[in-house]
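Copied over from Swiss-Prot:
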- 1-28: transit peptide (TRANSIT)
- 32-533: region 'Carboxyltransferase' (REGION)
- 32-290: domain 'CoA carboxyltransferase N-terminal' (DOMAIN)
- 71: phosphoserine (MOD_RES)
- 99: N6-acetyllysine (MOD_RES)
- 99: N6-succinyllysine (MOD_RES)
- 294-533: domain 'CoA carboxyltransferase C-terminal' (DOMAIN)
- 325-358: region 'Acyl-CoA binding' (REGION)
- 474: N6-acetyllysine (MOD_RES)
- 474: N6-succinyllysine (MOD_RES)
- 489: N6-acetyllysine (MOD_RES)
- 489: N6-succinyllysine (MOD_RES)
């Protein structure tokens with residue numbers, strides 16, 4: 001119902017924008033005019049972009065224009081545009097002709113608000129030279145990124161570009177590098193979000209790759225370094241744009257993109273919702289929303305959610321939904337490395353980052369992709385002071401030559417490093433298995449977890465009973481009795497609890513209440529670490 005209302009509101013706002021653009025086209029004047037009239041004519045020309053014919057072509061592709069996208073993303077009337085009159089400076093290949101000059105060039109830039117909170121935005125205009133990046137285009141983007149860093153506000157890029165403007169040669173490449181430098185400078189200081197709403201190829205792909213989150217639109221957005229024609233000429237592979245760099249490819253196979261949405265309107269509405277979880281900068285807290293879900297709410301269904309059989313799967317997402325405010329969970333990368341779950345939720349109105357093993361996929365084992373996915377998310381949360389809640393059910397790291405040859409040792413160390421490095425409040429709940437090195441990695445007490453809980457169903461041990469018995473009781477006649485002895489001594493929460501490695505063994509139904517209470521206490525947490533230029537994470 002809420003989603004339908006958002007789409008309806010977005011549709012109404014879009015119709016207003018379309019009427020204003022049609023009016024802009026009719027108001028253009030070719031007669032000699034005063035300075036004020038020239039200013040107004042330039043302004044109207046900028047609003048029209050590449051012209052009505054190209055706007056219509058954009059709509060026929062199922063895509064909105066650059067300005068329509070900004071209008072739907074930002075609060076009504078909040079957009080303040082900058083550099084509307086900037087034009088490209090290229091004089092080669094006939095580019096100096098008036099017909100090839102467009103006020104604002106091929107990108108719309110400025111600032112506005114999302115639910116009243118400041119944000120800087122650029123939206124590439126495919127109706128002007130296919131949204132290609134010129135020196136002026138890059139200059140406009142760099143200017144708002146500099147402003148965003150100065151005031152401490154996020155940057156959102158709406159990407160829809162054919163790539164570098166070939167007519168400008170190396171100046172276009174220099175423009176990309178200028179943007180990349182600012183992406184790196186802003187990393188960990190202000191949130192950076194890329195929404196791919198059309199083609200994004202060649203050097204252009206590295207800016208989204210450097211931002212914190214990359215979202216795509218199904219069927220109309222593409223990300224690749226070299227297109228299908230080049231791939232065919234070099235490797236003789238036949239591949240379509242969609243197969244090579246479409247939303248499905250990057251959200252399920254490569255892990256380059258974090259989520260994909262049905263269309264432009266759906267993407268922009270979800271981006272507004274997602275933005276509400278984030279702080280404006282690393283100096284500002286994430287917004288605290290009024291919470292009507294009692295912080296001390298008990299969740300009785302959690303007492304029976306973990307099966308008695310340790311090999312039987314269950315859905316960790318059900319536990320997450322049951323614990324967080326209003327059952328609302330914005331999952332990140334839901335279709336990639338499904339054996340680990342990451343995303344944002346709220347606890348008592350505060351934004352939290354959620355990490356959890358997924359027993360339904362590969363029994364929740366950690367592998368290369370899930371380790372990298374989890375590490376990237378944990379580091380973002382730590383950069384922006386977002387508390388971490390970790391739900392653990394992990395039997396270990398996935399064995400096999402593919403994992404070893406792929407570098408599971410190095411990649412698994414990334415997740416370990418991320419949790420150990422994080423100084424935000426860290427609350428861990430072991431729901432069932434926590435075996436071997438994977439127990440250590442998943443925000444254990446040994447990696448400075450602030451509060452670590454175990455459910456009565458927890459099994460905290462070096463390995464499972466079957467494998468342990470084969471080593472400890474090798475040649476033992478009664479294997480079942482040996483396994484029962486091992487489980488009694490080790491595969492339960494008590495050995496860890498008596499050593500202080502978990503702070504308490506709690507009833508699952510009390511999990512929400514305990515976490516909310518802990519987060520209140522940990523809100524003032526401060527940690528001092530030794531000075532260093534920067535850490536050397538095992539990339």
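From the backbone N, Cα and C atoms, a Cβ is placed for every residue, glycine too.
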For the region 'Acyl-CoA binding' (325-358), what does DSSP give as the number of helix, strand and coil residues? 3 helix, 19 strand, 12 coil
So the residue listed as 'phosphoserine', by the Cβ count within 10 Å over all chains shown, scores 23
Across the domain 'CoA carboxyltransferase C-terminal' (294-533) the predicted model averages a pLDDT of 94
Which state, by DSSP, holds residue 474 (N6-acetyllysine): helix, strand or coil? coil
